[in-house]
Amino acid sequence: MNIILLGPPGAGKGTQAKRLETERGMVQLSTGDMLRAAVKAGTPTGLKAKAVMEAGQLVSDAIVSGIIGERLDMADTETGAIFDGYPRTYAQAESLDALLSERGRKLDYVIELLVNEEALVDRVEGRFTCAKCGEGYHDKYKLPKVDGVCDVCGATEFKRRPDDNAETVRTRMAEYRAKTAPILPFYEAKGLVRRVDGMADIDEVTRQIAAVLDGQG
Ligand code: AMP
């Protein structure tokens with residue numbers, strides 16, 4: 001099964017994608033994570049993307065569709081992929097269709113996480129992750145049980161994204177509204193869109209997504 005999780009920054013796409021990986025053996029394909037890895041490694045793609053990402057703008061369609069295409073050639077994606085943060089433009093949506101059909105695969109669902117944008121700025125600004133295992137935390141909503149120690153792996157280092165500040169978040173939201181939300185009609189026309197309440201608590205969102213994937217949503 002191949003699905004897209006669609007929603008603005010902070011909607012919970014990454015959190016839910018990680019749960020789907022654990023619970024269903026699907027693979028999370030986050031273009032944001034891939035680009036951050038490229039920036040960290042200092043690859044040519046990373047060098048091109050860094051300033052654009054820091055400004056909260058979109059990296060070029062050719063770059064992101066290129067990295068998704070390479071990723072889809074790896075065997076672990078054959079049984080099911082969760083697209084997280086991709087596609088973000090109409091051109092990317094068309095590329096994804098082509099990339100999947102060239103490989104004899106298809107999209108099963110586009111799950112839109114419905115959210116309140118104002119609440120998201122607060123969610124995004126306070127978030128941080130374990131530097132070792134990637135578990136997500138939040139200054140207000142989810143602190144580690146023991147201060148400074150990851151609940152999952154026990155590591156003591158955490159990291160914050162440079163683009164998770166209020167100003168950049170607003171640019172990212174504006175990019176979402178202007179360029180990403182308009183791809184919904186493309187998928188509506190194919191009958192693939194399902195909606196879940198992204199403001200519900202994390203377990204409830206997981207439950208609603210499971211209902212969709214199990215054909216009850
Ligand atoms: P994310 O982790 O999904 O919030 O992405 C972080 C940043 O990476 C975005 O603000 C963009 O600058 C860039 N990015 C990630 N995915 C895409 C994409 N599909 N298209 C264009 N830029 C992207």
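The backbone N, Cα and C atoms fix where each Cβ goes, and this holds for glycine too.
Of all ranges given (30-59, 90-119), TrEMBL attaches the label region 'NMP' to 30-59. Per TrEMBL, the AMP site holds T31, R36, Q57, L58, V59, G85, Y86, P87, R88, Q92, R161; the candidate it also names there, chosen from R24, R170, R172, is R172. The 10 Å shell around the Cβ of R127 (ATP binding site) contains 21 further Cβ atoms across the protein chains shown. Remote same-chain partners of the domain 'Adenylate kinase active site lid' (127-163), defined as residues 6 or more beyond its termini with a Cβ less than 8 Å from a stretch Cβ, comprise 10, 14-15, 18, 36, 53-54, 56, 169, 172.
Taking a C-beta cut-off of under 8 angstroms and a sequence separation of 6 or more, C133 (Zn(2+) binding site) has the following same-chain neighbours: C150, V152, C153, A155. Rounded to a whole number, the C-alpha distance linking T31 (AMP binding site) with G14 (ATP binding site) is 11 angstrom.
Within 10 Å of the C-beta atom of R88 (AMP binding site) sit 20 other C-beta atoms, taking all shown protein chains into account.
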